[in-house]
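See structure below.
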Amino acid sequence: MHRRTGRLACVPGCTAALAAWLGLATEPSLRPKRERMFQTFKEWFWLERFWLPPTVKWSDLEDHDGLIFVKPSHLYMTIPYAFVLIIIRHFFQKFIASPLAKTFGIKEEVRKKIIPNSVLENFFKHSTKKPSQTDIYGLAKKCNLTERQVERWFRRRQNQDRPCRMKKFQESCWRFTFYLIITIAGIAFLYDKPWVYDLWEVWKGYPRQPLLPSQYWYYILEMSFYWSLLFSLGSDIKRKDFLANVIHHLAAVSLMSFSWCANYIRSGTLVMIVHDVADIWLESAKMFSYAGWKQTCNTLFFIFSTVFLISRLIIFPFWILYCTLILPLHYLQPFFSYIFLNLQLMVLQVLNLYWSYLILKMLKRSIFTKSIRDVRSDSEDEYEEEEEEEEKKKEAREGKETDRLKNSLGANRHLIPNGQHGY
């Protein structure tokens, strides 16, 4: 028997073959080879010419004289912190956001259960969620139902998948709370830093700039939050800009990770504060929208629009991008991390332009309709809610008519011929 099966001689042949095929540690010569490959990749990935300006070495960024410098290993903590934030979010939504929603008059929606129907369910899943009148007629004949019953079944089935206002409010409340806290913390961390008021200070001494405790926690918490948003995308409400959100969260994590490893901490903190300051107003506007406070929602949305357009279309491109794209050239020759950093910031700016388009679209609609609806939501949501309310009113009217007829018949039983009392 070959040496490959040495340890597995007592194991059935199929198990030994599977273990050998999977390359488990039964071949000692394979282990050093894999280790060498990993070590080669690691050395290539961390080549100084990818991350640092020419003539600067990683040894220049080692801790000394009480000064602490950024290390890629610091970022490992963002993953467990992300799960901690998810746990905190769960309890926050349950014990703070839900009672607050009820205070605003938002109640848990009790969706009417649908009568199981395999024919309609199969059509709903594999054909379309919104059947045409011809489809409704055919399904009604097939299921021995009235067309109205089929329409009602599809409406209620659609409502089963539609997120309720309580869930929307909880998500917005959590994001509002985090953005509020992190923005206040960011202002507290940055207000006395010279590079906030003089952009030349961003590059003074780069990359030999020590890490401050405030910068560490600002970065780690922000990155952990975006990791938590990525991990919860599957359970959060999906909107039209779902793909844009995925790209945004990945770009944010990638940008923060890269800027951390290359020690672009000063410019990174400026990028974060500029992008966080507008989100507070958006999430607060959404909260009041879900609560039905339309006038307050509109006011907050106009504030958000103003802050967003100024921060993302003026301050970010003409202040931050100018700082990262133009000013470094007065100190350094272009190098890889400088190019890669600015490419990521430009991707972020493209997303800012996309969201600005959506915001302007909402503003345009509000001018003519006097109300604001989140264009990122499923376009059918509001229509379905109105349709559901109308359906409830119709059912209530039908119920009243039925009760009135029964009462009328009960009061005039002697008028019913042939002794037929409607049993």
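Heads up, the Cβ atoms here are built off N, Cα and C, so glycines get one too.
As given in TrEMBL:
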{"type": "TRANSMEM", "residues": "74-92", "note": "transmembrane segment"}
{"type": "DOMAIN", "residues": "120-164", "note": "domain 'Homeobox'"}
{"type": "DNA_BIND", "residues": "122-165", "note": "DNA-binding region"}
{"type": "DOMAIN", "residues": "167-368", "note": "domain 'TLC'"}
{"type": "TRANSMEM", "residues": "172-191", "note": "transmembrane segment"}
{"type": "TRANSMEM", "residues": "216-235", "note": "transmembrane segment"}
{"type": "TRANSMEM", "residues": "302-329", "note": "transmembrane segment"}
{"type": "TRANSMEM", "residues": "335-360", "note": "transmembrane segment"}
{"type": "COMPBIAS", "residues": "379-390", "note": "compositional bias 'Acidic residues'"}
{"type": "COMPBIAS", "residues": "391-406", "note": "compositional bias 'Basic and acidic residues'"}
When pLDDT is averaged across the DNA-binding region (122-165), the result is 83
When counting C-beta pairs under 8 angstroms to the transmembrane segment (172-191), the leading stretch of 74-92, 302-329, 335-360 is 74-92
Secondary structure split (DSSP) over the domain 'Homeobox' (120-164) reads 33 helix, 0 strand, 12 coil
